[in-house]
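Down below is the structure, laid out as structure tokens.
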Amino acid sequence: MTLKPSKRRKGRSRHSRKKQITSAILTEEGIMIKAKPSSPYTYANRMADKRSRSSIDNISRTSFQSNISRTSFQSNSDNNSIFETASLISCVTCLSDTDTIDRSETSTTDTSKDDLSANPKLHYPSVNGQLPANTVIPYGRILDARYIEKEPLHYYDANSSPSSPLSSSMSNISEKCDLDELESSQKKERKGNSLSRGSNSSSSLLTSRSPFTKLVEVIFARPRRHDVVPKRVSLYIDYKPHSSSHLKEEDDLVEEILKRSYKNTRRNKSIFVIINPFGGKGKAKKLFMTKAKPLLLASRCSIEVVYTKYPGHAIEIAREMDIDKYDTIACASGDGIPHEVINGLYQRPDHVKAFNNIAITEIPCGSGNAMSVSCHWTNNPSYSTLCLIKSIETRIDLMCCSQPSYAREHPKLSFLSQTYGLIAETDINTEFIRWMGPARFELGVAFNIIQKKKYPCEIYVKYAAKSKNELKNHYLEHKNKGSLEFQHITMNKDNEDCDNYNYENEYETENEDEDEDADADDEDSHLISRDLADSSADQIKEEDFKIKYPLDEGIPSDWERLDPNISNNLGIFYTGKMPYVAADTKFFPAALPSDGTMDMVITDARTSLTRMAPILLGLDKGSHVLQPEVLHSKILAYKIIPKLGNGLFSVDGEKFPLEPLQVEIMPRLCKTLLRNGRYVDTDFDSM
């Protein structure tokens, strides 16, 4: 009894595998699906479809238009009328949502290595049904492309009926020809079909196509619910290659697609992945395996995965790894693992080579994920991975921390922030409720504010921009040059590709500030204009690691002491280099990647609760720095001397001892991956 339905399902499955190969062309924005010529077959289907849908036609159209970013299309031919409606406003979100990603990649071993060069035939779900005419697959989403040597048996030409084999005569029909011309053409086609059926061969028909039409399989990242997943689609792409002495004609099309898809970024990255299985809610491994790994393999990145087993393990891993085998370290974690990796590389005898060769980035799988939100503009693991694949290698400033207990042995590097007072205690003392995720920060801050606890100390500062007006001028001056000042890459407005594509405008994100308008990205076109010739200027040297203000030499004379009336009643002391310190906390809206300064924010513990309310409510927008009770400055270095007997510092979310802390900026020391070559736009210039 149970076998019969199973056989019927299998039979239907085999029949449903017959799919269409669609024609496409290359455009400046991506690969665009060509408008398909009408035929008696499609015309009859359209008429039948209209009759069956006449009673709900208006409803279906309204529903589609109001839910375009989340609409899922079925794979049968009854949707042709909807595709006609959508043709002018279609995008990659219109593709079928019925397939699931391949779960076979979810390895359970502690370490694994995946190299696509050894397994070039990875299988990804294909797109069900036709792609609407005028759909554009942006270069920013294309992961890989390759030629298909032979036409798959389960495909047929989208321009002909499913019962007829491929024929070049149909592909050459004008898109504007009328029904009579189509009928005449099909008569000729049927004659050709009878001959081909007699010889049982379709290869002769394929060879009659234009020599500039190639059958290509494209793997791209398609939105699925709140993520992106790799999908493949076979396309007949019309492309006439330019004359080239170093490219063969048959290689030119795929090479051109990949060049446009990976402009200004490294192809086939060699990635060393460090996963903290205990980070966040303990789901880092699952998030990486299901959300990130399929995209990395689809883009032909070679990856090696290791897992941390205890606090500080990533320091040892980075200190002992073979840096010649990799160009990127991806931390599938929160912000703690990038901190350990940076310091592990710093402790290497060949740290100069390590920081020159390797880019450090984050796949958000922890509680904070500030690095991903600031650099990739997203807290979503799959979108962050797509940005990792497509982003520009950029140098950012680091901060060097010195305390008496470890300064002589080895100073510590910080990429994110240092904090003392209310925020520090909240960050560290809520570790026991890590299972709550980011909500633990909000709960801890609210509890500490109600207590109005003071953290007396002495603070000495070397300012770069002391007042808020000076800071604003500094920000406006460096926003358009500081962040990409040292990038030797080439881009112009006529050939911008994925780097100006909004990866997240097709799904609702938890962080609304991640969504960027296309106009904002257009402003970056004139920023990325450096010459590739002098790449050695971007290399750091040993002297770049030299500390300008050693801890044992005392406080320099040009440093200013903060008013004791403020420092003795300190509520929050926070310095940082990235705009976000958590997915929903824009604490340093004026932070820039490489402006040579860090931001300092200070509050007074005596501030009333009624005045603290707008400060806290403005953290998600970054408007808290505009409040008169908040001190906001750009600084080059500082020293803070606590007066309490117990407490702690938090550096990049890690606990540091309560003893004098001295920090200075170290310009452009670390190489990371920034979307569009800059931090996420905080709109600080319009505040």
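Any Cβ shown, glycine's included, is placed from N, Cα and C.
What you are looking at is a predicted structure, and each value in this text was computed from that prediction instead of being measured.
Annotated in Swiss-Prot:
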ACT_SITE  D335  active site, proton donor/acceptor
BINDING   S333, G334, D335, G336  substrate binding site
COMPBIAS  101-116  compositional bias 'Basic and acidic residues'
COMPBIAS  193-207  compositional bias 'Low complexity'
COMPBIAS  506-524  compositional bias 'Acidic residues'
REGION    1-20  region 'Disordered'
REGION    101-130  region 'Disordered'
REGION    180-207  region 'Disordered'
REGION    506-525  region 'Disordered'
Residue among binding-site residues G334, G336 with least C-beta crowding, 10 angstrom cut-off: G336
Secondary structure at D335 (active site, proton donor/acceptor), reduced by DSSP to three states: coil
Same chain, 6+ residues apart, C-beta under 8 Å of the C-beta of S333 (substrate binding site), given in sequence order: I274, I275, N276, G279, G280, A284, T308, E362, I363, C365, G366
Chain-internal residues near D335 (active site, proton donor/acceptor), provided their CB is under 8 angstroms and they sit 6+ positions away: E362, G366, G368, N369, A370, M371, L416, D652, G653
Any further residue of that chain within 8 Å (Cβ to the Cβ centroid of S333, G334, D335, G336) of the recorded substrate site: N276, G279, C331, I337, P338, H339, E362, G366, S367, G368, N369, G653
